[in-house]
Amino acid sequence: MHGGGPPSGDSACPLRTIKRVQFGVLSPDELKRMSVTEGGIKYPETTEGGRPKLGGLMDPRQGVIERTGRCQTCAGNMTECPGHFGHIELAKPVFHVGFLVKTMKVLRCVCFFCSKLLVDSNNPKIKDILAKSKGQPKKRLTHVYDLCKGKNICEGGEEMDNKFGVEQPEGDEDLTKEKGHGGCGRYQPRIRRSGLELYAEWKHVNEDSQEKKILLSPERVHEIFKRISDEECFVLGMEPRYARPEWMIVTVLPVPPLSVRPAVVMQGSARNQDDLTHKLADIVKINNQLRRNEQNGAAAHVIAEDVKLLQFHVATMVDNELPGLPRAMQKSGRPLKSLKQRLKGKEGRVRGNLMGKRVDFSARTVITPDPNLSIDQVGVPRSIAANMTFAEIVTPFNIDRLQELVRRGNSQYPGAKYIIRDNGDRIDLRFHPKPSDLHLQTGYKVERHMCDGDIVIFNRQPTLHKMSMMGHRVRILPWSTFRLNLSVTTPYNADFDGDEMNLHLPQSLETRAEIQELAMVPRMIVTPQSNRPVMGIVQDTLTAVRKFTKRDVFLERGEVMNLLMFLSTWDGKVPQPAILKPRPLWTGKQIFSLIIPGHINCIRTHSTHPDDEDSGPYKHISPGDTKVVVENGELIMGILCKKSLGTSAGSLVHISYLEMGHDITRLFYSNIQTVINNWLLIEGHTIGIGDSIADSKTYQDIQNTIKKAKQDVIEVIEKAHNNELEPTPGNTLRQTFENQVNRILNDARDKTGSSAQKSLSEYNNFKSMVVSGAKGSKINISQVIAVVGQQNVEGKRIPFGFKHRTLPHFIKDDYGPESRGFVENSYLAGLTPTEFFFHAMGGREGLIDTAVKTAETGYIQRRLIKSMESVMVKYDATVRNSINQVVQLRYGEDGLAGESVEFQNLATLKPSNKAFEKKFRFDYTNERALRRTLQEDLVKDVLSNAHIQNELEREFERMREDREVLRVIFPTGDSKVVLPCNLLRMIWNAQKIFHINPRLPSDLHPIKVVEGVKELSKKLVIVNGDDPLSRQAQENATLLFNIHLRSTLCSRRMAEEFRLSGEAFDWLLGEIESKFNQAIAHPGEMVGALAAQSLGEPATQMTLNTFHYAGVSAKNVTLGVPRLKELINISKKPKTPSLTVFLLGQSARDAERAKDILCRLEHTTLRKVTANTAIYYDPNPQSTVVAEDQEWVNVYYEMPDFDVARISPWLLRVELDRKHMTDRKLTMEQIAEKINAGFGDDLNCIFNDDNAEKLVLRIRIMNSDENKMQEEEEVVDKMDDDVFLRCIESNMLTDMTLQGIEQISKVYMHLPQTDNKKKIIITEDGEFKALQEWILETDGVSLMRVLSEKDVDPVRTTSNDIVEIFTVLGIEAVRKALERELYHVISFDGSYVNYRHLALLCDTMTCRGHLMAITRHGVNRQDTGPLMKCSFEETVDVLMEAAAHGESDPMKGVSENIMLGQLAPAGTGCFDLLLDAEKCKYGMEIPTNIPGLGAAGPTGMFFGSAPSPMGGISPAMTPWNQGATPAYGAWSPSVGSGMTPGAAGFSPSAASDASGFSPGYSPAWSPTPGSPGSPGPSSPYIPSPGGAMSPSYSPTSPAYEPRSPGGYTPQSPSYSPTSPSYSPTSPSYSPTSPNYSPTSPSYSPTSPSYSPTSPSYSPTSPSYSPTSPSYSPTSPSYSPTSPSYSPTSPSYSPTSPSYSPTSPSYSPTSPSYSPTSPSYSPTSPSYSPTSPSYSPTSPSYSPTSPNYSPTSPNYTPTSPSYSPTSPSYSPTSPNYTPTSPNYSPTSPSYSPTSPSYSPTSPSYSPSSPRYTPQSPTYTPSSPSYSPSSPSYSPTSPKYTPTSPSYSPSSPEYTPTSPKYSPTSPKYSPTSPKYSPTSPTYSPTTPKYSPTSPTYSPTSPVYTPTSPKYSPTSPTYSPTSPKYSPTSPTYSPTSPKGSTYSPTSPGYSPTSPTYSLTSPAISPDDSDEEN
């Protein structure tokens, strides 16, 4: 669809991409215009007399009815006709239920009578709204609505303005104002809705109808809306062009086409109509009835009923789930499916059919393991392979293979299913009688069966992350399941217990290329989610690897040979055996070392490694062989296990991937598996019941432990019964008891488990699996052998089910271990029935949990993805969403991709000042130490040179500053960070590669180190730009890495620790730079989806419910999925809101002070400190009823300070709890004060002393005096005293705050045990120290109040309530808090997610300046397009809004494009490729007129001597011959610049404009990347370093077949000798033409006219002379300035900077030649310019080549025409066998210079004397001309270069020899454009005359008798002014027209003016080069 070509055969019409989608409401006129049923649909019936009825609901004009029929409107058949809308004219308008709410809003904004806006549009507020809501019509309506809500009168002009205080000038302005608004001044009704009806009510009686409330008919609303002006529509957020308010009321109802409501034909004749058709029938019926009644003048109530019914039917057609309305049913009682239900929900139209569809070319079956496949292969059953097809385009190269497949048809396996002819006909081979009769032609497509090597996508649902869909290569295997390598199960999360997987076969070559380059399994080994590998070695291989690398594994010679057989990368050398006598034995480690690729270095530990071995004097000795050291690719010591080969960061696999690349790592995986599994076959591994039996002593031990544990539990129970158990702080007695019991039982289980494990021997097979990490854990072993342990439900012991017991077998209230679910048996011993039951309870809980969790996390993941789906890295490296809002300025804040970073330690952060100085300061005073580390001359330099010493001091200063910065960034002293380029490992690599001896002094100058690091850090650019902001951003992005770089590569460590040589150091810097650049995130990467998956995937692994920390007396916090849900929903009320309060100063260390603060925070009510309350009738206070209070009460009443008479006889006595009072530091006085403050004088409150035995408050009501008098009268109303007192009591207990903050219900105080909560300080001597300080943690939050408390640290105190942090501290704080909370949730169960994903989520949620929840309320309130929103949630509402407001969707996001089936702007879709049209002229046409190049059978040209695995070439690889030929057809004579002699391209006049005759410069030929064959540096297919040089080897090169091992199998189409466009018989090609390229066969070196002694005619012809850069034999490294390049030739000024061969920008015009491309590195040995074949003295180098023009831009050395092959190579020369070393050093495939090999000259035979250019018989017109024998006829099939036996001169040159493919399309020496020196080279154009200065026409070699060559021939006459070399235009070097006649000194080719640097001559000045 992209780009406009015809899509896949369905419709021939070209499609353009949709740029935006406009929504709107259709107006009645538009509906009628669009409708195909004139006059509307009148009849509810569908058929009449068995025929569809015109004007009925199956009107034949609306679409096709029968399968066989045609549409009456468009005459299309079922597949073609899209259906056409009809319409129904409603008798009366009705409301559209989707717009009902909008209708009401608009009604409330305009005047009910005059339709004016209720707010004057000149009102400044309106202007403000309009300015603020550009492009957001919905927002505009909301704001205007808010303004209008308060208006209840439609004002006239003046009052309106005065009200707003607008100054009123007198006179005319007044009138204009009044006109301006001119309201009618009437009161506005309130609009109410009931069901589907609207009512208007007035506060005052309405003037018109004298009623307060009237029914608002749709007509009336329609009238009001009609009168609204367009301007006011706009203010109301409508877009008058697309959606006017009155259109929201249905007057004409569109009838959907038949294809939308197809009728189902049942058996028999009856049709089952669709729900919509039923609904429409109802509407038509009632509409007709209404119209009849109206015409007949029926009673008003009848009509009203009809309208109501019509309204109901229209509404339920749109939405049948309306609240408050009955459902519209079918007869059967099933609710009808309305339009809304069709769209919404998972199965609806949007999510079910547009966003996701079922696809073709997919297969699904069960998976089974196969360790012998490579990780990127998948075994496909033959039955599937024979059913799935791939459409391959027929080209001359694959025609034979495809013809064979077609012959086999569909019945045999490698066959084909269909042929698609170029006219679109599809031939089905399944039903074709004789497929062998079908002939193919190029351009047809053959749908062939899937075969080995095809690329497919393999997927397992649920697709949680991008590693759930990966590219694999097919391997056809027998039987019916997919087979895959064991290691790939981890990313797919697959196992083989019956899982099924899906396979998709991509149908185009682009898709294939993308999968191969981006999604193949090996490229996915390292996940960006947590920067570690996702695949490791698993199962039996892992078990075996651990056994195999133990110390005592020895292998015999036979075994070793056998294993080496399985090592695919084995080089044929058997290593020296470790043991020689008595017989040679090899160790397992030796064999494993052969598997390890490259020079890998790695240190890990084995799983059983004891920690105490890491430090101490013996840290280098590992007695248990548990330290793994791999050095330089050799396993030196250590047993490998899951730690080294698993999916952990820094494992061997990870390092291999980072250092060696994905392909080598793929082999590593395969080799480990094949070799080790085959060893395991010899060795064996089994497990039986015997492995699970321990010895009797162990069993005794276990019994005793359990007995003791039970005893302990009983003791605890007794303690609890006797009330001796002290509750731990913050817990109740029950909790304390449970915690203790749990602890005892868990300890018992652990203890028995460990004793069981100790008893197992080293050879136990259980143990060997656990130790290697393959399966199982220690718990599993202990459960099998010792004890199963306690069963839990919801984190507690099994609860009592009924009657206080768990099961009826136990007594009531039994808290003992057995009754509450402790299983004391092991699995081996078997469980008792009760134990079994409890065990099942625990297990069942796990199942339920899993099921619930899956749904929860699935939804979370979907929301995450939808909220971030379009967030991507753009080409300016910022991270933006689809509406181009910046989310992050640099991805992950450092601009790096997640896959390429690793954990590293910052060396300077931790050590104390002393250690820091010792390690990092270069001590130039200590001479002895210097001599040990540096070489003598360096020592002298350092000691004597003050400048150096200053530099070194400065370096140390810089590191000290870095350390300060680090300590601010990481205040906790945690030095583990994630950075690119593992420096320590790179240094280690350097030491190995350069064989550094760490004991010898180094020759690396300290200053060089300092300078080198400085230079390097300048090169590591993340943010380009030189303005202050960019510079700051660059510093922020690279700060950590630079610090790390400076501290690792500091001069001291270089000299002392690493001892690198200068050379090694340079290599290291280069390596760091390139690795760093590779780590930068790619633009186009969809980081949003990546982040969403990286968070969603670990969430799936989390447990759903919160297990509380058993036994810890801390608050419970929500964790896991519920907490994640709270965070991303931004819930206002989290389940467990909590503050962490840090304290200041003394309080932090002093428990008492901390307790004071705790009391100040914790909310205390009276209830919390009350022991009991009672109400007494106690009329006489002096002798109180409560005897114990008598004493102190008397004290009060002896001297009352109040009126004793007023006291009520009722007494409220409150007894307080002494313990709680002291806990909360409360005194009686405080409480009494609070009571008095609350109730004042109405209560009398007395209390006893704080030290009294019981603390008592006595409270009485005080009656006021007046009440005393009037008591009798008012008895009725007054509450009794005792009742009143009771109310006061409850009020006091609950509502009265004694102290603290209301929201904070409880505060816990604790000393942190973990370091992350301790206070970290830095001591004087610079060490980190963690101090324990008291921390308060609260239940409930009130951040604002707590922060303002005294002694609270306002900086560190924080809340876990996100919303609260936002309100208190703002958006930046909440972003950090959110990030921290998310990190906490994820890391709680030990997962790790790279920071950049969390950061991206937090930034997405906060980048708008407010918190955006990841729910429909957040995501769908953004400014994204309606299509994206409707694909998330609220589908119909979103679309209705969009329509009503006339919104448009700019189609920038992912969902939008997927819905419309377009390429989304993501990844490879977010850029376009620029086609260089100029270059297209040089495209080669593929000769399509030969029956088949491969006619000679498999050895023919197709398979070459290196048959490719696919058998030839994948057809679709040659896009050229689909209509593109002319575009690339510079070769076809019909095209202007072709070779036709008269064609403009070659006429001297045309060229002269362009080039001033400089032969090398012509518009027709400039080989830049656009030329179809040029390989681009990124060319994915570079099979060999050499190959890259050949331009024809680019992926697009038609002939290129990616899998052909030899590179150029000679099938390149462009070379068929019979191709009309350059068949030598073509007239313009006459070889006798003088300028016919000398390498053309007709100048055979043996032909007399070609004497190599002629100075200017070196055997390879001057036109290929080395000075012609386009033919430089050294190709890329050839540069005219390259000093080794004939330095004596003046034209190569060695000083010209612009050509330095090492300059990376070396290829000014073509990326494909960039010297950095692997295959052309100038240092590559094959390019050495001194290689014999390029010695500057070789005649072929003569700088005097006539046509060489150094200034010609297309001769830049990048011109593809420089074949790297040796110029002087002549195949007939004996020493040039193709094996000769300098034969084409970089490109095996061809040497254009070999005259004998120009395949395009079919009849050429280098030794044939008759072939001289003058040979009369070689007339261009003789097509079948054969110089020596009929078999040479160029069209003769035998002669095709594909004929294997054809060899022009010697057997070595068979064209099938892959080394020599004649077919490289670009280098045809005979191609006119390939005369490298003259692009426009048409043999007949005069331009190329021999008069070029060095081409001396009198040179004897040129047989002057040659008729065409006559030097006097006018066209070439050397004197002809047009072509005279002296003519200014011709001077090859003279751009400016200065005359260089060849006789003039200036033109001597050796004269200095000819030098490239001479300013007068370089049009392509150095700036162009760089």
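Keep in mind that glycine also has a Cβ here, set from the backbone N, Cα and C atoms.
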From R20, R108, R460, R546, the one annotated by Swiss-Prot with R67, D499 for RNA: R460
1083-1124, 1167-1208, 1461-1502 - the one Swiss-Prot records as region 'Trigger loop': 1083-1124
Swiss-Prot annotation of region 'Bridging helix' - which of the ranges 832-873, 1252-1293, 1336-1377 it falls on: 832-873
Protein Cβ atoms within 10 Å of S27 (phosphoserine), excluding its own: 16
Secondary structure of S27 (phosphoserine) (DSSP, helix/strand/coil): coil
Averaged pLDDT score, the repeat '7' (1650-1656): 36
